[in-house]
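Asks: Before I ask anything, here is the structure I am working with.
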Amino acid sequence: MSTFVIVFLLLTAVLCHAEPALDETARGCNRLNKKCNSDGDCCRYGERCISTGVNYYCKPDFGP
């Protein structure tokens with residue numbers, strides 16, 4: 001029984017701390033809400049690379 005509890009707690013700890021790797025140099029994002037570095041890197045025509053406070057994402061550009 002105690003082995004089950006230890007394995008369960010270990011598995012829970014691993015899953016809770018598992019996060020996708022943050023790639024600050026992400027490229028090739030060709031849809032909305034994907035990380036980008038600059039407009040030329042990954043945003044389609046009519047989109048701009050805009051900061052959301054933490055990361056940058058491709059968003060529609062509605063004007064000059």
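From the backbone N, Cα and C atoms, a Cβ is placed for every residue, glycine too.
Below are the features listed in Swiss-Prot for this protein:
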SIGNAL    1-18  signal peptide
DISULFID  Cys29-Cys43  disulfide bond
DISULFID  Cys36-Cys49  disulfide bond
DISULFID  Cys42-Cys58  disulfide bond
Asks: Cys58 (disulfide bond) to Cys49 (disulfide bond): how many Å between their Cα atoms?
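Replies: Each residue's Cα considered, Cys58 (disulfide bond) and Cys49 (disulfide bond) end up 5 Å apart.
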Asks: Say we define neighbours as other CB atoms within 10 Å of the CB. Which of the disulfide-bonded residues Cys36, Cys43, Cys49, Cys58 has the fewest?
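Replies: Counting other Cβ atoms within 10 Å of each of the disulfide-bonded residues Cys36, Cys43, Cys49, Cys58, the minimum falls on Cys49.
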Asks: What Cα-Cα separation, expressed in whole Å, is found between Cys36 (disulfide bond) and Cys43 (disulfide bond)?
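Replies: Cα-Cα, rounded: 7 Å.
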Asks: In angstrom units, rounded to an integer, how far apart are the Cα atoms of Cys49 (disulfide bond) and Cys43 (disulfide bond)?
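Replies: That separation, Cα to Cα, works out to 7 Å.
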